């Protein structure tokens, strides 16, 4: 019965809860690369009562923008990702890529998880080709594109290695090459650095920041690491506990988007982290 | 060279080294010391077998010596048409293994792709898996007569289940995120199967085939023991009827050799196919 409402063009009418009004309505200039309009996702559970993962989510991401979503665990960050990738449908509201509603897995989105998800039986080159194999392109072009992405991620010397022969950081770079090889409009990164040791993490963040900056692709990073969000993004969306809502939006306006290590040294970056820390009420909470 | 000699004397414990397990101990053992030690065990056992039973007064018709067995092997070769029996058993084991493997893997993939049927059929699969398949041999003889079919069907059944169960297990435990990745790349169900699920099942399939290779010989042997006029299992009942212990021992040795040969073929295929796993490659 909500079908008629969700078809409506005006996002304001869709707001299911008055408190969602607190989120400043983004004034869209061009068509956003990714937009959520009053998106609610409820999961029907056979055993327990159905639970609401996210509620009344509305935000836009401009083409080329790097946006991070931070929030406590279980705030439905991964639900946002799955709905963008078309693996899940919103219960209410609308998810759109370049103005077109997402109805299923599509060619515009590439995603990456904490796990590299490289196929162990394929060489790195064949892994990068994997995403292109569902596309109607020739073998030669596929190989050429895969090699180009490997070069961009500085892995060309490891094209014929197998995943087990690479370090964790290199495997994540290979996964990024595979994600970029399909030339997506939007890249979704779900905690891609959280399984790595502190040093590898810093280096890989820089490596990703450079590669993403150079490719100009729109990026949505989901993370629980506040300093990572500040170091890498243009804008940060803070989500509340379940049901996940956006409780704060933070425009960073900091230099060095292509160098998180340099950015983290800035005093203003530290202020931003402290501010996020407060807005998540981390000081008053217990583990 | 030394390792191939060791292989020619299979003891009751298979001397097959699973790839990778001995790498840790190679620190103290040079590449030659390990096969030499294995060979030494074989020599000691054979020497003990030759001299210990006579020294303890065990008669030859209870435990024949090594030389008795060698002599009997020669006699069987000349007078009992041993080669025909050997080839019959080996080919039956191989055919049963391949057929059981294909059927088991096929059913495993099919059930893995249709969770509904898997749920419906799983109690029956469990029951059939537990039922002693070799006990069906007399039944099959009643149904199909004294020909190759009963032993072939028993072998297929015996091989079928471990492979089915292993493949099904893999289909159910393949990382859902890998499948979701393929889905996000807009791959069709067929593409997801051939590019993700099928290759991901290789370690499990090969583990199942390994078990199947050893079971295949058991299946054929029981089939031949129960009702046959050809094969090493038949030679065992024949030798038993003549109180020819050496003949029974010889047939058992040859059956073991067939089993080891099958197992090695699977192990060699596994080493080639699973080269991408660090354990096997290293």
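Note that Cβ sites are derived from N, Cα and C of the backbone, with glycine treated the same way.
Since this is a predicted model, take the numbers as computed values, not measurements.
Per TrEMBL, transmembrane segment is recorded for B:32-52 (among others).
Residues or ranges marked as transmembrane segment in TrEMBL: B:86-112 (among others).
Annotation source TrEMBL lists domain 'ABC transmembrane type-1' at B:86-266.
Among the features that TrEMBL reports, transmembrane segment is placed at B:124-146 (among others).
What TrEMBL lists as transmembrane segment is B:152-171 (among others).
Taken from TrEMBL, the feature transmembrane segment applies to B:215-236 (among others).
For B:248-266 (among others), the entry in TrEMBL reads transmembrane segment.
Counting Cβ pairs under 8 Å to the transmembrane segment (B:248-266), the top-ranked stretch among B:86-112, B:124-146, B:152-171, B:215-236 is B:215-236. Note on the transmembrane segment (B:215-236): residues 76, 80, 82, 84-86, 88-89, 92-94, 96-97, 100, 133-134, 137-138, 140-141, 146, 150-152, 154-159, 162, 247-248, 251-252, 254-256, 258-259, 262 of its chain, located 6 or more positions outside it, place their CB under 8 angstroms from a CB of the stretch. Counting same-chain residues at least six beyond the ends of the transmembrane segment (B:124-146), those with a Cβ under 8 angstroms from any Cβ of the stretch are 153-154, 157-158, 161, 164-165, 218-219, 222-223, 226-229. With a cut-off of 8 Å between Cβ atoms, the residues of this chain six or more beyond the transmembrane segment (B:86-112) that come close are 118, 121, 148, 151-152, 154-168, 170-172, 193, 197-198, 201, 205, 208-209, 212-213, 216-217, 219-221, 223-224, 230-233, 254-255, 258-259, 261-262.
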